[in-house]
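The block underneath contains the structure these notes are about, expressed in structure tokens.
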Amino acid sequence: MLSENLVVEWITSTLGITWGDATVIQINSHKRIAVNVDAFDGELHWPSFLDAYSAGLRAYRGSTSDIIVRGAKPLAVLVALRVPRNFPFETLKDFVKGISDAAQEFDAVYLGGDTDIVETDSFRAEVVSIGALHGEPLTRGGARPGDLVVAVGDFGVSSLLYDAIQGNTPPLPLREVIRTWLKPKWPPVNKWLENTAYVTASIDNSDGLALSLHYLSENSNVRIELDEIPIYPPLLEHYTEKEALERALYLSGEEYNFIFTIHPKHEALLDELNARILGRVTTGSGVFLKGYGPIQKSGWISGLGYARGSR
């Protein structure tokens, strides 16, 4: 059975590509850009309760998050659209407007792209974000023993949307959940870009907190020891503490929180970056939470859904 892991592992090993969500290209001795492409599939990423404009916002932010977390300032976006012939034109306009407005928040330019009108199949957008690097690109592999593990925002809101997609009623108004889910859980972007020199490793929470932490651990060849997990407060009101924790760990995909490591001597920067300390980097391997034990390498894997990860 095909899965994202299987395909990505074959491509990266066969072509000698370093796995990651954004690629850095050296333009000349002074200029580098970061490029990301992300798919936004109508059946997979666009639940029925999400309006077209908000879907466009999400499509752009999901892609550009991967270049910002590497330390690049967004410059431009290209979008390839596959649109069923019977797709409502006004809905398409709202979707594109959402992408354009989200890009304009960074003074990034929507450069166009490609459009295919098809007889059947689902709506799909391939979003390419391009950004300029002004320092060394951040990677998932720079964490060192002694570094602080920090993150922006709470985790677990998307677990409630996952419930809704599965036909289960969330324990609080869906509108409130969507409003929280739509807000990017990033540091103030200008502050982030000014201070990336002090960040040792970084990742955004695309596939769930647990899987993201394991990617940092494995790429940096370190052990991550956590003292706490910032859980989306309504989860604690409607679930047991253990249930809420495991939702935040394993069902928090596509929340795009920035998770990063930083040397303790730069701890004062965390207030400016709206980040809080989760734990520390130590020698060894794996991810562990105080009072809970080892955290499984589990999260969202395309082709499998929420499952155990191998890469």
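Cβ atoms here come from the backbone N, Cα and C positions, even for glycine.
Residues GLU254, TYR292 are recorded by TrEMBL as substrate binders, and the candidate that the same record lists for that site, out of HIS45, HIS134, is HIS45. Among the candidates ASP204, ASP207, ASP227, the residue that TrEMBL names alongside ASP21, ASP66 for the Mg(2+) 3 site is ASP204. Each of the binding-site residues HIS45, ARG140 was scored by the other Cβ atoms within 10 Å of its Cβ; the lowest score goes to HIS45.
Between the C-alpha atoms of ASP38 (Mg(2+) 2 binding site) and ASP21 (Mg(2+) 4 binding site), the distance comes to 9 Å.
When Cα-Cα distances from SER206 (ATP binding site) are compared across the binding-site residues ASP21, ASP66, ASP114, GLU254, TYR292, the shortest belongs to GLU254.
Cβ contacts within 10 Å of ASP114 (Mg(2+) 1 binding site), excluding its own Cβ and spanning all protein chains shown: 10. ASP207 (Mg(2+) 5 binding site) falls outside any helix or strand according to DSSP and counts as coil. When the C-alpha distances from ASP204 (Mg(2+) 3 binding site) to the binding-site residues ASP21, HIS45, ASP66, TYR292 are tabulated, the minimum falls on ASP66.
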